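See structure below.
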Amino acid sequence: MLSEQDRMKKIVGEEAAAFVKDGMKVGLGSGSTVYWMIRKLGELVENGLKIEGIPSSTQTENWAHEFGVPLTDFSKVNKLDITIDGADEVDENLHMIKGGGAALFREKIIAQAAKELIIIVDASKMVTNLGKYPLPVEILPFAWERTANEISKLGCVPKLRKKDAEILISDNGNYILDCPFNVITDPTNLNEEIKRIVGVVETGLFIGMATRIIVGDGENINIVE
Ligand SMILES: O=C(CO)[C@H](O)[C@H](O)COP(=O)(O)O
């Protein structure tokens, strides 16, 4: 029996899979909402849909193998037709915070490479201002304390992400800082300021990238464009 939130994730995940058409190269995001989308794509592939995906995390790659979604990579493909991904927060301008699953760097690459970026969320993730969700920032392990200190000057106390008491290592061999800004009034500027700090690999701020948000809200699905 699925919780209400998981039921929403399943509904929006399956809805998004319907946007994937024969012959498309598809960016596969990460996270528990994307799981349902990949599962659905697996069903569609079994019924004859011809697509190739590029996964944004080892977890997603494993799910693609499990559900029979064929994969490719950027040595063979330069542009993606569509990328489908989740998000941690989406504001009214469709700017987003992502990286709750530590996959933000590869997620940003598949987002930038795609003609269309569809985001699947439940309504609790739609916000007026970004920032309640601590902003994930991927950084190099070297001098991470200094990098964290530089980010703190922008108005937060960064926390090094851990998993089972060990420092979490991203798929790229880096660390993740979770940065609680509380309210981000100018996400574009904050993104640029953080990216100027040497040691920062990428931020979880996705500015002006999403083209369509599929929002699950109770019995309804709303599409925001
Ligand atoms: O950015 C992400 C992973 O880095 C995810 O898309 C985001 O955390 C949402 O995940 P979920 O669908 O599990 O709530």
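Cβ from N, Cα, C; glycine included.
What you see is a predicted model, and the numbers here were worked out from it, not measured in a lab.
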Can you match one of K50, K115, K125 to the substrate site that TrEMBL gives for S30, G31, S32, T33, D85, G86, A87, D88, K98, G99, G100, G101?
K125
Give me the sequence-ordered set of same-chain residues, not including S30, G31, S32, T33, D85, G86, A87, D88, K98, G99, G100, G101, K125, with a C-beta within 8 angstroms of the centroid of the substrate site's C-beta atoms.
G29, V34, A103, E107
Per the record, substrate is bound by S30, G31, S32, T33, D85, G86, A87, D88, K98, G99, G100, G101, K125: how many Å separate the farthest pair of Cα atoms?
16
Neighbourhood of A87 (substrate binding site), C-beta criterion under 8 angstroms, separation at least six:
M96, I97, K98, I119, V121, K125, F206, A210
